10 protein chains.
Amino acid sequence: MTPIMSKSDAAELIVAARTRRGISWSEIADKLGAPVVWTTAALLGQHPMTQEQARQVCQLLGLDEPVEESLRSQPYRGGGKEVLSDPTIYRFVEALAVYGPALKELIHEEFGDGIMSAINFRVDLARRPDPDGDRVVVTFDGKFLDYKW
Amino acid sequence: MTPIMSKSDAAELIVAARTRRGISWSEIADKLGAPVVWTTAALLGQHPMTQEQARQVCQLLGLDEPVEESLRSQPYRGGGKEVLSDPTIYRFVEALAVYGPALKELIHEEFGDGIMSAINFRVDLARRPDPDGDRVVVTFDGKFLDYKW
Amino acid sequence: MTPIMSKSDAAELIVAARTRRGISWSEIADKLGAPVVWTTAALLGQHPMTQEQARQVCQLLGLDEPVEESLRSQPYRGGGKEVLSDPTIYRFVEALAVYGPALKELIHEEFGDGIMSAINFRVDLARRPDPDGDRVVVTFDGKFLDYKW
Amino acid sequence: MTPIMSKSDAAELIVAARTRRGISWSEIADKLGAPVVWTTAALLGQHPMTQEQARQVCQLLGLDEPVEESLRSQPYRGGGKEVLSDPTIYRFVEALAVYGPALKELIHEEFGDGIMSAINFRVDLARRPDPDGDRVVVTFDGKFLDYKW
Amino acid sequence: MTPIMSKSDAAELIVAARTRRGISWSEIADKLGAPVVWTTAALLGQHPMTQEQARQVCQLLGLDEPVEESLRSQPYRGGGKEVLSDPTIYRFVEALAVYGPALKELIHEEFGDGIMSAINFRVDLARRPDPDGDRVVVTFDGKFLDYKW
Amino acid sequence: MTPIMSKSDAAELIVAARTRRGISWSEIADKLGAPVVWTTAALLGQHPMTQEQARQVCQLLGLDEPVEESLRSQPYRGGGKEVLSDPTIYRFVEALAVYGPALKELIHEEFGDGIMSAINFRVDLARRPDPDGDRVVVTFDGKFLDYKW
Amino acid sequence: MTPIMSKSDAAELIVAARTRRGISWSEIADKLGAPVVWTTAALLGQHPMTQEQARQVCQLLGLDEPVEESLRSQPYRGGGKEVLSDPTIYRFVEALAVYGPALKELIHEEFGDGIMSAINFRVDLARRPDPDGDRVVVTFDGKFLDYKW
Amino acid sequence: MTPIMSKSDAAELIVAARTRRGISWSEIADKLGAPVVWTTAALLGQHPMTQEQARQVCQLLGLDEPVEESLRSQPYRGGGKEVLSDPTIYRFVEALAVYGPALKELIHEEFGDGIMSAINFRVDLARRPDPDGDRVVVTFDGKFLDYKW
Amino acid sequence: MTPIMSKSDAAELIVAARTRRGISWSEIADKLGAPVVWTTAALLGQHPMTQEQARQVCQLLGLDEPVEESLRSQPYRGGGKEVLSDPTIYRFVEALAVYGPALKELIHEEFGDGIMSAINFRVDLARRPDPDGDRVVVTFDGKFLDYKW
Amino acid sequence: MTPIMSKSDAAELIVAARTRRGISWSEIADKLGAPVVWTTAALLGQHPMTQEQARQVCQLLGLDEPVEESLRSQPYRGGGKEVLSDPTIYRFVEALAVYGPALKELIHEEFGDGIMSAINFRVDLARRPDPDGDRVVVTFDGKFLDYKW
């Protein structure tokens with residue numbers, strides 16, 4: 001009996017295979033017919049995949065059964081505070097520090113007392129051309145949940 | 001000589017005046033002709049206002065000169081880690097923990113080595129009606145900056 | 001213009017009035033016709049009250065308008081890590097440390113990939129008589145939310 | 001001489017065997033005739049098992065003697081702060097942050113000065129059907145202990 | 001309405017009165033007919049006192065009603081990590097770091113799986129004369145509680 | 001050349017051998033003619049042993065030379081904050097949080113300005129029968145050291 | 001007897017006076033005949049000033065004797081980790097995280113084993129025009145100190 | 001399939017090869033025709049290299065393909081708080097603690113509300129001869145970015 | 001009844017009086033006939049003074065009774081981690097990080113298993129003239145205590 | 001190509017060889033003709049050695065080339081906060097907490113605004129016989145550096 005391969009080990013193998021075969025995250029997502037942020041997050045270990053999805057990914061990337069089993073397993077999500085200081089990720093953290101309280105005020109003003117769900121939720125990323133330099137546009141889209149006793 | 005009123009003291013007076021007079025953040029933003037997330041963030045202490053903007057806000061809310069002077073002053077931005085555990089704000093933190101590494105991968109795949117600026121940047125919040133419950137839609141929109149030596 | 005009284009200052013006055021007048025949390029909850037855990041949490045600053053609820057509480061306890069205004073305001077929830085080391089509260093923290101991963105496994109086994117909502121949620125506390133010593137019975141009851149993109 | 005297999009290594013093997021053989025936590029608990037939360041917690045490393053219990057689990061899952069020996073050993077309980085940020089577990093943490101002080105007030109009001117034991121204690125988890133979405137119901141049930149010098 | 005005086009403010013007044021009147025902790029304990037460690041801890045804010053006890057202390061020390069009311073109120077216990085670095089207290093912390101795991105092993109060897117209660121518990125401090133220098137002898141005495149589901 | 005086996009590796013082997021051979025900490029201490037808390041702490045890595053003591057332990061437990069060498073080496077004492085959250089050890093931590101300042105007051109009242117030594121020091125653990133449940137009695141006994149310039 | 005005004009209180013009054021009188025940091029530095037980064041740092045509380053310097057600053061800004069006395073006093077330098085998350089300051093922190101180890105390598109390659117002094121040290125800030133956007137140029141200039149026993 | 005060699009493992013091999021072959025960071029930078037601080041940072045894992053750059057480095061140092069592949073991969077930047085306490089790096093940290101707020105004031109005075117970019121950015125290190133001891137001169141040079149909504 | 005003035009408030013008044021009257025720490029120590037490091041530490045709040053010492057200090061500095069009472073009271077020692085980042089103090093912290101383990105090795109080599117007492121202890125500071133720049137010489141001198149059960 | 005052996009791995013081998021061959025730190029220092037604290041610190045990984053010194057140490061202790069190479073390499077100094085809680089090292093930490101601010105005051109009084117260098121610096125340890133118990137005498141001796149812009 002061997003343990004199930006950890007999600008982070010599986011992610012390392014996926015990144016290596018993807019790089020060596022020259023396959024983009026978008027191509028994997030297209031293959032699965034799934035949104036690209038969801039797919040990337042799942043392959044990095046943040047969502048469980050169905051057996052069919054896991055099999056397709058492993059076929060495409062030439063990975064074998066232990067990776068497939070790992071992709072299907074239930075994750076512990078998040079973790080990894082140390083990644084938050086990477087500059088590309090940190091700018092999102094800084095944006096929350098600056099605009100978080102304003103978002104809270106405006107959610108309460110528009111919707112009442114409650115939150116944006118992070119479970120019934122999706123994220124999208126797009127490139128918006130701009131003469132002054134193209135822009136990264138990230139959309140958080142979650143169901144409003146009101147405090148209901 | 002007295003110190004300039006702190007941004008957090010000014011914000012408390014603004015929140016109190018806004019509540020008692022029944023004026024929404026949107027109405028203040030409309031009055032200034034400025035985006036509502038920017039306006040709310042500025043009034044909570046995260047952006048300096050011009051003299052004209054500060055004067056308009058104080059007139060509308062019945063606040064006097066020390067608040068106006070405070071609104072015009074240059075802030076120390078961010079701070080306040082303790083606000084991140086408020087459930088309404090925490091869901092954004094959790095979304096970053098779950099999707100941050102995926103966003104990093106996709107920014108590099110689409111744009112190359114670099115970041116989304118948090119300075120040449122805007123945030124919008126909208127309500128999207130949905131039969132299963134309306135949704136909070138937050139858009140982060142920042143210029144891509146590539147690592148350039 | 002004065003700031004709105006902070007939730008913690010209001011809570012201190014409520015505790016003082018409650019003690020001096022000999023009124024229990026249950027009696028306040030009965031007066032409001034609201035669940036006792038909800039009522040206590042709200043009076044300690046964790047939920048906003050309606051104008052009518054705030055007025056009733058202040059009448060009952062002999063508190064005046066600034067407390068009423070504070071009770072109606074929108075809270076920053078949580079905070080206060082230092083309270084978690086109080087022995088009465090710490091036992092719940094310890095229970096999570098010991099049983100948290102088991103609860104996660106069983107939620108996924110029974111419901112699939114998702115969480116117990118802490119927003120569409122209620123808590124109850126009861127005393128269960130027992131010959132070996134009465135028991136504290138606390139029930140967490142939240143809607144299951146599945147990860148849905 | 002080799003060290004006793006660590007509780008976390010044993011837990012990884014148990015999870016792997018359980019998944020591959022398609023055996024649920026409930027089925028293991030039934031086999032042992034023990035409560036399911038207790039059983040799951042014990043198999044994840046939080047309680048020592050008797051020799052008989054450990055043997056039954058290992059038989060059922062096809063695991064060998066080192067796992068059995070590990071299951072019987074005395075644990076260091078808790079640990080693992082990093083698991084608390086997993087969304088499924090975090091909602092319990094958030095509930096404590098919001099309702100912990102209220103529970104303390106009500107325990108003292110009902111029972112006097114003391115605590116709910118986390119040792120003479122049990123936890124149960126149930127699914128409650130609800131037309132608006134089924135609910136996760138978790139019950140903490142501990143003996144009241146009064147401060148007694 | 002004024003808040004109840006905080007336990008730490010009351011403790012500061014008690015220490016001041018005790019010092020100025022030259023009354024020892026032991027004398028206060030004798031007056032109350034209570035153990036001296038319990039009495040000292042209670043006066044420093046760690047235990048609620050009965051009305052009679054609080055009145056006797058205030059009479060003895062010449063303190064007035066707000067201190068008495070504070071002494072009777074229910075405390076948040078513990079807190080104050082910063083006091084642990086005081087050398088007199090730190091030596092106990094160091095002793096736990098060095099001997100804590102050994103005490104755990106021996107409690108389990110002697111009593112089985114469980115803990116020493118810190119609620120059904122007492123502490124005593126004595127001076128033991130010794131030709132090589134007198135000794136501080138501190139006894140922790142708590143009921144054994146076994147893990148019982 | 002190989003490094004000296006770490007104290008924690010040696011402790012794991014000692015615990016494994018002790019368990020498999022069914023030898024108690026007390027029996028080892030008796031064999032050595034040393035106090036049981038001291039012996040247990042030393043075997044868990046907190047005190048160096050003499051060559052003779054280390055040899056006797058290894059003989060009794062069937063362990064070989066690298067363990068013996070490790071037991072004789074000088075330790076870094078303490079460490080391991082994570083063990084402090086184990087419930088059996090945590091109750092001592094909690095007792096210090098509640099009673100530490102009182103012990104400081106009483107040490108100063110009885111002995112003057114100084115500390116209880118944690119070096120010229122011993123700890124004992126005993127079981128005291130009690131009709132309401134037997135009690136764990138732990139005694140800290142250290143030489144008083146006064147601040148002396 | 002009153003305490004000396006704290007450096008941070010003095011800095012707040014200096015910032016207020018500077019803003020209200022419309023005097024720049026550069027003008028103050030010119031008045032003193034001192035480098036502008038040194039002057040600004042000193043007025044924010046990081047260096048003691050001579051009596052003559054302190055008098056000149058107070059005259060220019062219309063501040064009185066307690067500020068002058070504070071400016072002359074010896075500071076505790078640094079402090080204030082919370083300022084490091086302000087975006088304008090954070091970019092320097094990030095640059096250290098990315099380039100710090102490279103600077104260490106190159107200092108050792110060029111100078112041998114040692115450090116750049118932060119005491120025998122100066123900092124300058126300049127604006128360098130650039131058609132793609134002007135640049136902030138900050139120079140750290142410290143004496144090399146080699147490890148010398 | 002094997003994972004891509006980590007940036008830190010690659011950096012260790014580069015440092016070893018560089019030392020054993022007696023090749024300086026400057027020589028590597030010259031070979032690449034790239035700035036020396038950039039080159040050193042990239043080889044320590046902070047920047048991705050082009051295929052051509054990675055090949056040249058590996059040829060020069062006698063390293064093989066896995067190092068080359070690692071050098072080309074996209075890094076997580078920063079990390080490693082523990083390196084900040086190395087005395088050679090710490091002096092920069094201390095300089096930020098002492099001069100950071102002054103730099104912020106002067107950037108705002110000279111450029112307005114904004115930051116020095118750490119992305120469109122370069123660092124240089126030079127030796128400046130000085131009769132009192134040569135000096136380490138480090139220049140941070142980044143594009144000014146103004147807050148622009 | 002008023003609380004005893006805190007040690008830090010007393011220290012601020014002492015520093016202010018010392019500065020305004022132009023009296024050095026050495027002069028105060030001479031007046032008391034006590035070592036200068038001890039005296040300075042005591043006046044900054046780290047040691048209790050006798051009534052006679054406290055009176056002499058207050059007379060010399062023109063301070064009144066509450067300061068005298070504060071100086072005589074028993075301190076909580078240490079505290080204030082934030083002072084450790086002041087560069088003048090930090091150099092001692094850094095020296096411990098670099099040389100602490102070596103000192104431990106040498107204490108054990110020379111004295112056996114034990115510690116240097118920080119209670120039966122003194123510190124001295126001297127200036128040693130040196131043609132390359134005078135030197136700060138600080139001596140820690142503590143009684144060796146061996147681990148003795 | 002293999003990485004250079006880490007300083008901590010080298011230190012472990014040195015400690016093992018030293019112990020097994022019965023060679024003291026002083027004997028190694030004598031062999032090198034270097035101060036004993038410097039030698040011990042260098043062998044524990046805090047200073048680079050010359051090729052000649054490294055060779056002599058390895059010859060004396062019977063260690064081979066990888067250790068020699070490691071000893072010559074440039075260290076990251078310090079690190080290891082966890083060692084600071086070892087009682088033998090902690091007493092120095094405590095002494096800094098108690099006497100650090102007094103040392104700062106006296107350095108400024110005697111030398112003016114500046115620091116004791118920790119680079120141009122030496123440490124010595126001696127045993128001073130004393131009828132009441134021998135004493136550990138540790139001397140910190142560093143060049144005074146004044147703040148000089």
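Backbone N, Cα and C define each Cβ position, glycine as well.
According to TrEMBL, the features are:
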| type | residues | note |
| --- | --- | --- |
| ACT_SITE | F:ARG91 | active site |
| ACT_SITE | F:GLU94 | active site |
| ACT_SITE | F:SER117 | active site |
| DOMAIN | F:78-149 | domain 'Cyanate lyase C-terminal' |
Cβ neighbour count (within 10 Å, all chains shown) around F:ARG91 (active site): 23
F:GLU94 (active site) versus F:SER117 (active site) - Cα distance in angstrom: 21
F:SER117 (active site), number of other Cβ atoms within 10 Å: 23
Number of other Cβ atoms within 10 Å of the Cβ of F:GLU94 (active site) across all protein chains: 20
Tally of DSSP helical, extended and coil residues in the domain 'Cyanate lyase C-terminal' (F:78-149): 30 helix, 28 strand, 14 coil
Proximal to chain I - active-site residues among F:ARG91, F:GLU94, F:SER117, CB under 8 Å: F:SER117
Average model confidence [pLDDT] within the domain 'Cyanate lyase C-terminal' (F:78-149): 96
